[in-house]
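Copied over from TrEMBL:
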- A:12-37: transmembrane segment (TRANSMEM)
- A:66-86: transmembrane segment (TRANSMEM)
- A:107-128: transmembrane segment (TRANSMEM)
- A:148-172: transmembrane segment (TRANSMEM)
- A:202-227: transmembrane segment (TRANSMEM)
- A:239-261: transmembrane segment (TRANSMEM)
- A:281-299: transmembrane segment (TRANSMEM)
Amino acid sequence: MFDPYYLQQLAIGLSLGMTYALMAIGFTLIFGVLNVVNFAHGEVYTLGAFAGLVLISATAPPIVAVILGALAIGALAGFSLERLAFKPFRRFTDEASLKSRAMRESTLLSSLAVSIVVREALEIVFGSQMRSVPFEYLINTPVRVGPVILVTGDFIIFGVAAAMLIGLQFLLTRTRVGLAIRAVSNNPLGAKYVGIDTDRTIITTFVVGSMMGAAAGILMGLYYGAVFPAMGFTPGIKAFVAMVMGGLSSIPGAVICALILGISESMATTFVSSGWSDMVAYGFLILTLIFFPNGLFGARRERV
Amino acid sequence: MTFRLLTLTTLTAAGIATGIATGIAGSAFAADTVKLGYQLPLTGDTAQYGQDFRKAAEIALTEFNAAGKPFKVEIVFEDSRSDAKEGTNIARKFVDDKEIVGVLGDFTSGVSMAAAQVYKDAGMPQLSQTASHPDYTKVSKYQFRNIATQAQEGPYNAKWMATKGFKNVAVIAEQTDWGQSVVSGFSDAVKANGGTVAFSEFFNRGLKDYRSLISKIERAKPDAIYTGFFYEDGAQFLKQLQQLGIKTPVYSTSAAYSPKLIELAGGAAEGVHLTSNFLPTDPSPNVQHFVDEWKKRSEGAVPGQFPAQAYDAVRIMLAAVEKASPNPTREKVRDALAQTKDFPGVTGKTSFSADREAEKELVKVEVKGGAFIPVAD
């Protein structure tokens, strides 16, 4: 009964889920917690991976420096993204505009535009070929744990994702910055009236969230050994599904749902053709939207 | 009565005049430039292939135009994004442009077949460098291809694996029109040779994690795995196969034949067997000329099989246009293409059969010491 095959599939699913979670954390911070519609997170992820790759090919630094470099680019990307695609929509500070849903959701298109421009620009500069990461940097040396085989990267990603999750939970629930983020998310106008610098809070959130996105990008690049301009798309979709399932505003919820997603996909491969395993993610998204419009772990919110 | 007569004469005169004018303009133009269309993915997920095709086409075109022929050729490149909808739109655009006498592309079988419906109705010759789905050339007498089909490659590989003693094989391929032709072409031949297909499954192109699929394949305990993938998916698959410590031999189609496969997969690509019809190491002068030109334009990178096929496809099309000139028409170009015989290309000699299939010679290749090495068996 206890077939090692299923244990191996479970391990693969967990490791897959961790990679989704890594992406979902930063995404949920900006999209869910701050409640800003942002579809450019996948490109921040790609930029992080490219920044790391460029650094590796230029100077061959230690891996920690590579990640720090990617973090710096991520911070810059987050700041620029906010400046380009989000700030212009906040230039009207009257009450009607601040409460307007149209104003808020128009960033759906502006962020999408930025993401397309970034992706095409990367294609022009680097070409659309997959680029290989030098083998000594890869984090996929096999590790045998009992009957299952994992790779070193699985443990690194687990550590990083756990650190991000705990750090963010601390930030959001125990610090004034976190309080400000939640206040702005809940009621931007009210936050402004009580003296919170909403602009600065939003920029901070973008910078932190994008640093996490970029870190996810470079880690995935090192994990799979391939970096290319379109790499952010699929993880972006999976992160989006995990976030919606988790109830938009809950980062732990998104992480748990990312793990559920990963395990379900790898388990589903056993029973249906691998070509259909993406159906699992979309199926979950639809089921969640129908039966749990507030997500599995979400607080009550007017919109999902 | 006089008025009607006058009108009639005027109209006739005007008609003749216009006819002459367009006739002159037409022939004058044809003497200078002939236009061809090339639909290919220049952006999107498969842009890397389209970009390579354009590069190969430009090499062929520059050579042709520099050779002092009585006319010049211009190629109009249109980006199909490997999207069937986009592909048909481009096809309509090419068909409407009366100066275009022939079309190259598209990249994938699916898009090529969608566009083929438009070319079929308009009588436009279409030559794809890569569409290898068996149904593509069956659309109409206007569809040609410069690639071995899976109906040819599948049985070839099945026989190769059978001679190596692999009786019980697994087969996986990407979930596309092409991937399905890989599985069917191969599986039928395996069964005909008395072997068994232990496992057969499709995956989505661009899947990153093959470990679930690999575990599932291994559960079926095949002697060898036959794979229908391109180099990106291939590299991930091979790396993860190595990670999971699996030593089952892997065979693949010519679609995976690209130096990028070895670059991305590194040591994990060792021992992979595949077929090809282009070897950049071939010492013959035309191959070396193409490889040199390619390296000049690609920072020293060596071309894979697909750019070589595109280069040949463009040259076959140019030769057909030359044969159909002066004043080539779509119909004349089609007939000239159909007569192509023993065209000396970099992917071997190409002739079109009565079904407009390219008859290609396949070479067996194994990855050894980080390079593709031709092997006897």
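Cβ coordinates come from backbone N, Cα and C, glycine included.
Note that the coordinates shown come from a computational prediction; the quantities given were computed from them, not determined experimentally.
Taking Cβ pairs closer than 8 Å, the transmembrane segment (A:148-172) reaches residues 4, 7-8, 10-11, 14-15, 18-19, 21-22, 25-26, 29, 33, 138-142, 178, 181-182, 208, 212, 215, 219, 222-223, 251-252, 255 in its own chain, all 6 or more past its ends. Residues of the same chain lying 6 or more positions beyond the ends of the transmembrane segment (A:66-86) and with a Cβ under 8 Å from any Cβ of it are 36, 38, 40, 43-44, 47-49, 51-52, 55-56, 107, 110-111, 113-114, 137, 202-203, 206-215, 217-219, 222.
Tallying C-beta pairs under 8 angstroms between the transmembrane segment (A:202-227) and each of A:12-37, A:107-128, A:239-261 places A:12-37 first. Distant neighbours of the transmembrane segment (A:107-128): 36-40, 42-43, 46-47, 50, 81, 84-86, 88-89, 228-230, 232; these residues of the same chain sit at least 6 beyond its ends, with a Cβ under 8 Å from one of its Cβ atoms.
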